[in-house]
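Participant: Have a look at this one.
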Amino acid sequence: MTDFFKGIPQIRYEGPQTTNEFAFRHYNPEEVVAGKTLAEHLRFAIAWWHSFAWPGGDPFGGQTLQRPWFGDTLDLAKLKADVAFEMFDILQAPFFCFHDADIRPEGKDFAENTRNLKTIVDYIGEKMTGSNTKLLWGTANLFSHRRFMSGAATNPDPEVFAWSAATVKTCMDATLQLGGQNYVLWGGREGYETLLNTDLTQEAEHAGRFLQMVVEYKHKIGFKGAILIEPKPQEPSKHQYDYDVATVYGFLKRFGLEGEVKVNIEQGHAILAGHSFEHELALAASLGIFGSIDMNRNDYQSGWDTDQFPDSVPEMARAYYEVLRAGGFTTGGTNFDAKIRRQSLDPEDLILAHVGAMDVCARALKAAAAALEDGGLEAQRRARYAGWETAEAKAMLGSDLASIEAMVREKGINPEPRSGRQERLENLWNRFV
Ligand code: XUL
Ligand code: CO
């Protein structure tokens, strides 16, 4: 045991009336909602990078957090893992997620990176045998080190492509070894700063081939989890190639990967792309590529990716409504890709950020499940398209413009507009939130 979380009890469900800060008010992991427990629905994961590796910097100032495990040695990386598993236990977290660079010290070359990764992955594997916490996904950090400043798979330098491909191989091996349920690729610097130095065509070809290699390797090693792309429109690059769900789908189609790769959708990234979170979720479900979510929120005033913990039940309820309509998570889950503010120095802040977020998500999921169970919204959605259920209407889709023109004349078709009932539907929705 380390003493980092000394005095902080394990968080248990005590119900909405409790005044205990260190308790869940709404997240009762065993509560059954719409046929599954809340733990099974929500599949919460803790992000290693924000909770254990982030030093608290922003563009105007450096480190504010001082953690006893900060530093680039294997012993400190093990201490970090010890603390991580203590936090997973305090929160009863079912899953965690990591990048290679979050868990291992940086080596002087590729061989040392791989050795360090293997040592820490073995260490984490041992810790997992005595823990209930599993791996939701692993990923490679192909954006922080200066070698990636011009991209990884899309870097103009083939040596960086090689380094990146080799690194992803080691991270997929690590994810397989730890029983990960997904492997994620977020193209942090797969994009450009200026078109004046960028060959869009060549970069897209390289990114497409890179992803094909990831899928080929997945099958080669027998990894049964899902490969997920995480869309984001900009930041760190001015323009990133995996802009949003629609763009990723086009990219997957172009490289024949739409049956192999799904998406990990992040709330803050959806907002940066000018969408709502629920739009991205609904679109992914409709395209058959919904995989997992990174749960956080952005500050609507600052306009950048602030990665705050979610605090809005109405917003999250709209998101979980789409998750439930999509049939819920299979390999995916709710990963808190969220960081405490840089002034939140205390170990308690880190724990309570997650407690609050888990409660917000649980309330949202319950509201969404109630709305879906009520069925009123879905009935009205179906009723709106009921005209298309007739054989005549369906046949029109197999017809042609000239025949349809003849039919319109013959029948004297003259459509009467009907209300979209938006406010009535919003009122119905608000009964559940
Ligand atoms: C960055 C981001 C990443 C990915 C994993 O905005 O969301 O943390 O989730 O690389
Ligand atoms: Co993310």
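Just so you know, glycine gets a Cβ as well, placed from its N, Cα and C.
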Participant: Per TrEMBL, what member of Asp199, Asp294, Asp305 joins Glu230, Glu266, Asp337 in binding Mg(2+) 1 at one site?
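Facilitator: Within the candidate list, TrEMBL flags Asp294.
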Participant: If one measures from the C-alpha of His99 (active site) to the C-alpha of Asp337 (Mg(2+) 1 binding site), what distance in angstrom results, rounded to a whole number?
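Facilitator: With the alpha carbons as reference points, the distance is 12 Å.
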Participant: Would you kindly give the Cα-Cα distance separating Asp102 (active site) and Glu266 (Mg(2+) 1 binding site), rounded to the nearest Å?
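Facilitator: About 19 Å separates the two Cα atoms.
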Participant: Out of Glu230, Asp305, Asp337, which of these binding-site residues is nearest Asp102 (active site) by C-alpha distance?
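Facilitator: Closest candidate to Asp102 (active site), judged by Cα separation, is Asp337.
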Participant: Among the recorded positions His99, Glu266, His269, Asp294, Asp305, Asp337, which have a Cβ atom lying under 6 Å from any atom of ligand 2?
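Facilitator: From His99, Glu266, His269, Asp294, Asp305, Asp337, counting a Cβ under 6 Å from ligand 2 as near, the near ones are Glu266, Asp294, Asp337.
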Participant: I'd like to confirm something. Which of the binding-site residues, His269, Asp305, Asp307, has a Cα closest to the Cα of Asp337 (Mg(2+) 1 binding site)?
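Facilitator: Out of the listed candidates, the nearest Cα belongs to Asp307.
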Participant: For the recorded Mg(2+) 2 site formed by Glu266, His269, Asp305, Asp307, name the remaining residues of the chain with Cβ within 8 Å of the site's Cβ center, in chain order.
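Facilitator: Output for this site, in sequence order: Lys232, Gln267, Gly268, Ile271, Leu272, Asp294, Asn296, Asn298, Asp337.
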Participant: I want to check the contact list for Asp294 (Mg(2+) 1 binding site): same chain, sequence separation of six or more, C-beta distance under 8 angstroms. What comes out?
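Facilitator: When sequence neighbours closer than 6 are ignored, Asp294 (Mg(2+) 1 binding site) has Ala47, Glu230, Asn264, Ile265, Glu266, Gln267, Gly268, His269, Asn335, Asp337 within Cβ distance under 8 Å.
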